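**Q** Quick paste from TrEMBL:
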DOMAIN    101-389  domain 'Sugar phosphate transporter'
TRANSMEM  102-119  transmembrane segment
TRANSMEM  131-154  transmembrane segment
TRANSMEM  166-196  transmembrane segment
TRANSMEM  216-236  transmembrane segment
TRANSMEM  243-262  transmembrane segment
TRANSMEM  274-296  transmembrane segment
TRANSMEM  356-388  transmembrane segment
Amino acid sequence: MISSLRQPVVGISGSDLLLRQRHATPVKARSFLPSLAREKGHGSLVSVHKPLHIASSLGGANFSSVKSGGKGDLVKCEAYEADRSEVEATNTPSEASKKVKIGIYFATWWALNVVFNIYNKKVLNAYPFPWLTSTLSLACGSLMMLISWATGIAEAPKTDPEFWKSLFPVAVAHTIGHVAATVSMSKVAVSFTHIIKSGEPAFSVLVSRFLLGETFPVPVYLSLLPIIGGCALAAVTELNFNMTGFMGAMISNLAFVFRNIFSKKGMKGKSVSGMNYYACLSILSLAILTPFAIAVEGPQMWIAGWKTSISQIGNQLIWWVAAQSVFYHLYNQVSYMSLDEISPLTFSIGNTMKRISVIVSSIIIFHTPVQPVNALGAAIAILGTFLYSQAKQ
């Protein structure tokens, strides 16, 4: 028999079980075991730190008959606490499988993000319409999830008007951040956009401090110095600097900070999985973005630009557009699914490592010229992001 209760150590002897024929008063069962319900101020004898094993006398194991002055047998009940390793050994496989699962999530998340950024930049170089590109990304993800729900591949979420009301400000911030990042990448190198976007923690702390009144430990504020300094150094030394691209990345940072704040406030108590949450977010963002995309760029510009791009690039442009749309949804979906399995701190560290993989891979693939000082600024900014995630735990 194993007890899951915890307190100090237990030792049970059978002195309470003196079953002698000359006693007329029956022995009460509660005198056999120490009381589990003590009054306040009295400690319990039963350990809760380790399982308690009590040997059975009737089976003949660990019971002994002790003669007490010839006055009958004294039954002795022996108890011992199981070694912690006996219990933890049973949990080892599940812990190991969980670590493997998290590792698969991270590897998939990073790989999908790298592929998305490559195809997204290819599309924007050949077909520079960031508002339409952003709309197609959301439309593709929304269509994929609607088909998954209709066919039963994924279980449809149970939502109500209150859910969509809480999701609306999150979707607005997500839409702004998504479009601003796409505009940024249409004007500057992918690596530069992600270097600036690594400064998001600085926006998070400043917004939380001055708008929400939150305070942070001193190490958190100190970690912002390398983030801000590194981003500034990278921006000043960027060979192909563009103000629109720089401001797009900065606006994206600010928008995603508000997205996180609205998400934490509005989604408390909502039982929707990470995958379905992002699907609903994509659908609502698509509804918000579509009229603005038509107003800013419009079908006439899209058609004229498409004919020009097809004549120069060929039909592979269709594949690029489809790939960037699909991979955009998949990498975001995996990142939201990983939030169901890991802590925000682990997610933050994973996001930092993701930016490193995107920056390095984009520099290699697009042959982006990088000065040593520019690379130093990027390294300092990313190091500051890592220190921030450590200081905030």
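Cβ from N, Cα, C; glycine included.
Those TrEMBL annotations? Automatic predictions, nothing curated.
Keep in mind that what you see is a predicted model, and the values were worked out from it rather than measured.
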**Q** Do any residues, 6 or more residues outside the transmembrane segment (216-236), come within under 8 Å Cβ-to-Cβ of it, and if so which ones?
**A** 192, 195-196, 198-199, 201-202, 205, 208-209, 246, 373-374, 376-385, 387-388, 390-392
**Q** With CB pairs under 8 Å as the measure, which of the listed stretches 166-196, 274-296, 356-388 comes out on top against the transmembrane segment (131-154)?
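**A** Out of the listed stretches, 274-296 contacts the transmembrane segment (131-154) most.
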**Q** Can you say which of 243-262, 274-296, 356-388 has the most Cβ pairs under 8 Å with the transmembrane segment (166-196)?
**A** 243-262
**Q** If we skip the immediate neighbours and take only residues 6+ beyond the ends of the transmembrane segment (356-388), which ones have a Cβ under 8 Å from one of its Cβ atoms?
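**A** That would be 110, 113-114, 117-118, 121, 189-191, 194-195, 198-201, 205, 219-220, 223-239, 348-349.
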**Q** What mean pLDDT does the predicted model reach across the domain 'Sugar phosphate transporter' (101-389)?
**A** 90
**Q** Which residues of the same chain, at least 6 past either end of the transmembrane segment (102-119), have a Cβ under 8 Å from a Cβ in it?
**A** 185, 190, 194, 320, 323-324, 327-328, 330-331, 334-335, 337-338, 341-342, 346, 350, 353-354, 357-358, 361-362, 365
